[in-house]
């Protein structure tokens with residue numbers, strides 16, 4: 001009844017009425033959605049006199065298409081108590097109706113307006129949710145989507161290769177000298193049209209004590225197996241060979257012996273690019289090479305061309321034409337270390353590298369990747385081609401252009417937990433980061449390395465530096481027994497490489513947890529698998545080696561000039577579909 005009282009105030013003064021007046025019929029009464037009045041209510045209608053009608057008539061009424069009733073509805077309500085005189089009193093309430101007011105009309109219009117506001121509010125909430133969802137999808141797409149995922153050429157597949165362990169210490173493979181082969185145009189004979197393939201090769205190995213990871217390749221006619229170190233920092237693939245051999249380590253397989261037709265002549269395009277258009281003269285019948293690596297080891301030999309056999313993901317065997325090095329003189333660690341390998345698999349973006357050679361023949365897309373398992377019992381795998389590249393969830397960075405054919409990008413900050421290690425570097429200056437599977441350990445610029453060592457020294461009184469342990473430059477002896485990395489990793493913080501944000505808001509970070517930069521030595525000490533870059537001539541660059549590549553699927557996309565990574569257990573490679581798993585399940589449910 002409060003609302004009715006408010007409406008009677010707008011209708012003007014209320015005339016006194018007799019207690020029980022006879023009801024008056026009102027022409028064209030407005031519809032009301034109100035419930036029937038109770039028995040103790042009576043409706044009294046009072047219409048205006050003719051003079052009042054003439055004086056209060058509005059212009060709108062004169063032009064109305066049909067006459068409308070106007071007046072006041074008075075509702076008398078019997079009270080439950082007596083007044084001071086002992087007589088029962090009546091409480092009156094009125095509602096105006098007519099041109100612009102009416103109890104039924106106002107109530108109906110109010111209800112309509114309330115419904116309209118409610119619908120509008122629901123639409124605004126739904127719109128806001130759609131905007132938030134669109135932003136989330138756009139952010140996920142921009143950050144994790146492989147832009148080449150839906151532009152792959154039909155008919156191409158991939159090759160999988162195993163990874164195996166290599167004994168002995170592993171230096172840094174980055175920065176190999178004397179093998180510049182960029183921009184090579186393949187011979188017309190190698191540019192025939194064929195269906196593209198993919199291969200997956202298992203990987204075996206560990207950082208300590210073996211030091212490297214390698215895979216198995218079949219070369220020659222008939223094909224024979226050879227174990228090759230997986231090295232993204234090297235251009236040329238080479239194997240030890242009897243040509244004859246001057247200095248060769250005792251490897252797991254017999255030396256490769258080339259025939260005369262296998263020897264690459266000096267005027268071959270690969271040879272000219274590799275040797276820088278060197279003038280050999282008319283009497284030379286072979287193309288010589290010499291490679292010096294960052295750890296000062298070297299290999300010398302000749303170029304050879306022979307068949308290489310790969311098994312596709314579908315189980316088919318393919319014989320491919322392949323140019324590689326036939327090394328007959330090895331020096332340094334390549335000769336002195338116990339060798340469980342026969343050579344090195346060059347995977348850089350140079351024209352003479354294995355992926356580029358296969359891509360130039362139309363066999364694969366110029367894409368490959370490796371996944372080194374964190375669990376030493378499972379080495380991992382590598383693949384050639386793009387069938388095993390995840391379409392979603394990857395973090396991508398552009399490959400930095402440079403003359404060294406290395407897979408490098410640029411990072412803004414290097415953090416140990418919340419502490420920035422490169423604090424003295426000028427604002428806005430970026431640091432080069434090299435992804436090098438040929439290096440066993442990770443290397444930091446001297447400033448970053450020194451700050452990291454200082455942080456570790458003040459880490460805990462239960463961890464003290466043990467200079468007697470020569471496993472690595474910095475080892476710490478705990479005052480409690482250590483059975484596995486799980487016993488100590490909680491004492492350390494992750495290392496983070498912070499890259500430029502995508503679209504200024506989407507972060508891109510390469511996170512290295514403690515178990516991926518620490519090693520337990522034979523003395524049960526905790527050793528740092530991060531070294532000073534000055535040892536290999538990289539004082540101004542970061543080299544990410546095998547120790548920090550574990551537990552990640554890393555993809556090198558030479559077609560799109562980008563490198564990407566995602567966390568993985570590296571247990572089993574899987575061909576990827578064009579949609580995320582959730583979307584795929586939704587589509588399947590809708591179709592079924």
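First residue shown is number 1, and so on along the chain.
Just so it is clear, glycine is given a Cβ too, placed from its N, Cα and C backbone atoms.
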Which range is it, out of 147-171, 172-196, 197-221, that shows up in TrEMBL as region 'Disordered'?
172-196
Do you know which of the active-site residues 231, 436 has the most other C-beta atoms within 10 angstroms of its C-beta?
436
In the predicted model, what is the mean pLDDT computed over the domain 'Peptidase A1' (213-566)?
90
Quick check for the class: what is the C-alpha distance, in angstrom and rounded, between residue 231 (active site) and residue 436 (active site)?
7
